[in-house]
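Below is one structure, written out as structure tokens; comments come after it.
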Amino acid sequence: MARRDLESGGGRTKNNRTEGNYTAHESSNLYEADTHWTSWLVPVFVVANIAVFVISMYINNCPKNNLGPQGGCVAKFLGRFSFEPMQENPLLGPSSSTLTKMGALRWDNVVNGHQGWRLVTCIWLHAGIIHLLANMLSLVFIGIRLEQQFGFVRIGVIYLVSGFGGSVLSCLFIRDHTSVGASGALFGLLGAMLSELITNWTIYSNKAMALLTLLVIIVINLGIGILPHVDNFAHIGGFLVGFLLGFILLPRPQFGWLEQRRLPAGVRLKSKYKAYQYVLWVVSLVLLTAGLTIALVMLFRGEKGYDHCHWCRYLTCVPTSKWECSNSS
């Protein structure tokens, strides 16, 4: 950790003004200046995802295993690391059978095959190099900043639990398709950014602009998910889990609590957090626990999500004259 965490005792500034004389902008800057951790977990996640993709391509061995009529392997000069024919995988990656072998998410394997571990392994797999690069660039831009501000433990928990939550919701609604990717975990980080902004609202300057910018990014990304062949349920599930975890794991202490050593003798704040932060913490914990429990029970009982939410099919694909949706199962 590069500098001392504010939560462990409070930082120091050059002047000696007390809490009441600080502006919101100065308070926000103090938090950002002193709460700085060295980011190492996010780079490890990036390396791990790349390594798993390389292994999947090694196992796939297109020149040896692709004997179908789809055409030759792409980039044959790569040998056994060459990609599947574009007709089978336009994202430049391994075959769906290889992904399934390595732990891709499929409803039948999870429920009937009792392979619940796929709910976790699928977030480390990617359908192709294009898929991998898009997700890893997003992880670097979003994850490193969050890890620097909040440390590897909290960001690691949000990433992994959000990815798991996205897998659960995806598997609950989509039965006939293979699903892989870290998108659910990435949307969890976006959700955590939104709830962090809300729960720590008082310390930020330019609040409206920050909220509007984040909401636009979230809406655009979720909007892309209504295109065919995109698993928006993983996005939505990861986002909701990350949003709730942000209220649980990312509240910042009151500014005055951090600076209480500089207050007059005998003046101490009774609470580390504001009342609304405690309320959001409790409500989020209850909703997260109940939501994951109910979803898992429904999943392993073999229930279809669409039986309880007929209109939810439009959350992942909206049929138009240009394309049809095949997620109605």
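From the backbone N, Cα and C atoms, a Cβ is placed for every residue, glycine too.
All TrEMBL annotations are machine predictions without curation.
Worth saying up front: this structure is predicted, and the values here are computed from it rather than measured.
Residues annotated as region 'Disordered' in TrEMBL: 1-22.
As annotated by TrEMBL, transmembrane segment applies to 40-59 (among others). Remote same-chain residues near the transmembrane segment (40-59) are listed as 80-81, 83, 93-94, 98-99, 101-102, 124-126, 129, 132, 135-136, 139-140, 143-144, 147, 152, 155-156, 159, 182 (criterion: CB distance under 8 Å, separation of at least six residues from the stretch ends).
The average pLDDT computed for the domain 'Peptidase S54 rhomboid' (114-251) is 90. Residues or ranges marked as domain 'Peptidase S54 rhomboid' by TrEMBL: 114-251.
If you look up TrEMBL, you'll see 123-144 (among others) marked as transmembrane segment. If you look at the transmembrane segment (123-144), the same-chain residues 6 or more away from its ends with a CB under 8 A from one of its CBs are 39, 42-43, 45-46, 48-50, 52-53, 56, 83, 89-94, 99, 102-104, 155, 159-160, 163-164, 166-167, 180-186, 189-190, 193.
Among residues of the same chain six or more beyond the transmembrane segment (156-175), those with a C-beta under 8 A of the stretch's C-beta atoms are 41, 45, 105, 107-108, 110-111, 118-120, 122-123, 143, 182-185, 187-189, 191-192, 231, 233-242, 245-246, 249, 292, 295-296, 298-299, 303-306, 312, 316, 327, 329. Among the features that TrEMBL reports, transmembrane segment is placed at 156-175 (among others).
For 181-201 (among others), the entry in TrEMBL reads transmembrane segment.
Outside the transmembrane segment (208-227) by six or more residues, the chain places 187, 190-191, 193-194, 197, 235-236, 239, 314-318, 323 with a CB less than 8 A from a CB of the stretch. Taken from TrEMBL, the feature transmembrane segment applies to 208-227 (among others).
Below 8 angstroms of C-beta separation, residues 150, 154, 157-158, 161-170, 172-174, 179, 181, 183-196, 198-200, 218, 221-222, 225, 273, 277, 280-281, 283-285, 287-288, 291-292, 305, 315-316 of the same chain, each at least six residues beyond the ends of the transmembrane segment (233-251), sit close to that stretch. The transmembrane segment feature in TrEMBL is assigned to 233-251 (among others).
Annotated transmembrane segment per TrEMBL: 278-300 (among others), in sequence order.
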- Can you count helix, strand and coil residues in the domain 'Peptidase S54 rhomboid' (114-251) using DSSP? 107 helix, 1 strand, 30 coil
